[in-house]
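Taken from TrEMBL, the feature domain 'RapZ-like N-terminal' covers 1-155. As annotated by TrEMBL, ATP binding site applies to G8, L9, S10, G11, A12, G13, K14, T15. Here TrEMBL flags D57, V58, R59, S60 as GTP binding site. Per TrEMBL, domain 'RapZ C-terminal' is recorded for 163-281.
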Amino acid sequence: MHLVIVTGLSGAGKTQALRYLEDMDYFCVDNLPTQLLPKFAEVGQAAGLDRVAVVMDVRSGNLMGDLYEVLYSLKDYGCTYEIVFFEADEDVLIKRYKETRRAHPLQKQGELVNQAIEQERRMLSPLRDNANRIVDTSDYTLKELRSSLERIFGQKAGAGQLAVTVMSFGFKYGVPQEADLIFDVRFLSNPFYIDALRAHTGREKAVREYVMDLPMTKPFLDKYIEILRMVMPGYVNEGKNQLVIAIGCTGGQHRSVVIAEAIYAALKEDGALVSITHRDMGNDMKR
């Protein structure tokens, strides 16, 4: 049994994500208490469940205090798992709470919602650091969220197939522990030092055009993508079914995002089972 633990910030789209996973034939449970996870895994295995998704967040009580010990015990039940952390920018979360007129689960009487959001970020920071995937829903419509989840979870890598995740990140926030391949693109000129581009990200046209027009960008991409095409079949032959390609720059805002998007597009065009995530995009803008 493979278990997807859906967690993250309240209002970031976890419940909606669970609905979409259910549509993809996952057996889904919302707000499962941490202490019940081993028993749930035992029952799921006995019932022959293959793919399971559970939402676990601050509503589950002492999430951080118990979770890692509980996760370690899952191997006794022959259960594999991955943690998917959902987040969004503070202003987006506040807007969503205003639209739904619901209170944040950590919000106390007389307290502003942004205070509760910040408290939750601090509480869940260790969990975010250990997540296998981070999904930032700040710019997602519901349709885009569904499409993203379908790319990641809608298909399983079968025999002879490799599920590839392309990730951008910032070295200042640490190297992603889950990465199989890491490439440093800090040899490219940094858009951060251009006033008109500093506040934008690599998903925006102006930054993308700047990075792609640099003399070294296209030759690098051509060679690196050629290497990936060469080694990916080798990973499959060795029995590997998941590959995480991490592209890093200083802050994870500009260069790494552009390059990751270009690699993702090339592999997708090749017909690879590929998804993309931007781990640190937006972090510098929040400081």
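Cβ coordinates are placed from backbone N, Cα and C, and glycine is handled just like the others.
What TrEMBL says about a protein is an automatic prediction, not a curated fact.
These numbers come from a predicted model, not from an experiment.
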Let me check the 10 A CB neighbour count of D57 (GTP binding site). How many other CB atoms are there? 24
V58 (GTP binding site) and L9 (ATP binding site), distance between Cα atoms, whole Å: 9
Residues near K14 (ATP binding site) in space but at least six apart in sequence (CB under 8 A): V6, T7, G8, V55, D57, F86
Which ones, of the binding-site residues S10, G11, T15, have a Cα no more than 10 Å from the Cα of V58 (GTP binding site)? S10
Comparing local Cβ density (other Cβ atoms within 10 Å) for the binding-site residues L9, A12, V58 points to A12
Count the Cβ atoms, other than its own, that fall within 10 Å of the Cβ of G13 (ATP binding site), considering every protein chain shown. 23
Using the recorded ATP site (G8, L9, S10, G11, A12, G13, K14, T15) as reference, state which further residues of the same chain have their Cβ within 8 Å of the centre of those residues' Cβ atoms, listed in sequence order. D57, F86, E87, A88, T137
How long is the line from the C-alpha of A12 (ATP binding site) to the C-alpha of R59 (GTP binding site), rounded to the nearest angstrom? 14
As a test of reading the model: what is the averaged pLDDT for the domain 'RapZ-like N-terminal' (1-155)? 84
Integer Å distance between the CA atoms belonging to R59 (GTP binding site) and T15 (ATP binding site): 13
